[in-house]
Amino acid sequence: MSETFIYPQANLIAGVDEVGRGPLVGAVVTAAVILDPNRPIVGLADSKKLSEKRRLSLYDEITEKALSWSLGRAEPEEIDQLNILHATMLAMQRAVSGLHIVPDYVLIDGNRCPKLQMPSLAVVKGDSRVAEISAASILAKVTRDREMTELDLLFPEYGFAQHKGYPTAFHLEKLAALGATVHHRRSFGPVKRVLGLV
């Protein structure tokens, strides 16, 4: 079990997380959430450890009960232009700036913080230690998974609904056989190779 997180002294704390750094296709999606202490949400946890059904149920509860929540993203073209780390930081900045209530402290999952206008702290394994980050991870994952399901309708042969764009054996096989879609990240090794850019 990860060690207990000691919260900073602040009134309005936002949690931020991202989903989709590893996939070969689609945007990296981020979320920022300020929870309402008067409307607790039971069962918040790292989105990867929850069933899809539980994530969907918590998604609805978070969007209904949170004081403020916002999504951010960086598109494949931005990822290719900036690199995945900088694109993720940009998407996190977008999520925070989209909050309709300005937080006075921001907790970010991972070991790096984007440049923000308020104090922030990176929390390793934050998605399982900080409720606000857990909530953000759920919003980001449900949103990105839905986008992959929609992409699957446009390109059913790639199996995006199953692997969510991650480089599974099936995805790599289809990429080699069919080539890249306009939604693939051209700077990622397997896509580069298929496009002959290596």
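Just so you know, glycine gets a Cβ as well, placed from its N, Cα and C.
Non-local contacts of D17 (divalent metal cation binding site) by the CB criterion (under 8 A, 6+ apart in sequence, same chain) comprise T30, A31, S47, I108, D109, G126, D127, I133, A136, S137, A140. Marked as divalent metal cation binding site by Swiss-Prot on the basis of sequence analysis: D17, E18, D109.
Positions annotated as domain 'RNase H type-2' by Swiss-Prot: 11-198.
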Practice prompt. Would you list the other residues of this chain near divalent metal cation - those whose C-beta lies within 8 angstroms of the C-beta centroid of D17, E18, D109 - in sequence order?
Written response: V16, V19, T30, A31, M92, I108, G110, G126, D127, I133, A136, S137, A140
Worksheet, complete the sentence: Model confidence for the domain 'RNase H type-2' (11-198), as mean pLDDT, reads 97
Fill in: Cβ-Cβ neighbours of E18 (divalent metal cation binding site) (radius 10 Å)
28
Worksheet item: Including all protein chains shown, what's the count of other C-beta atoms within 10 A of the C-beta of D109 (divalent metal cation binding site)?
Response: 27
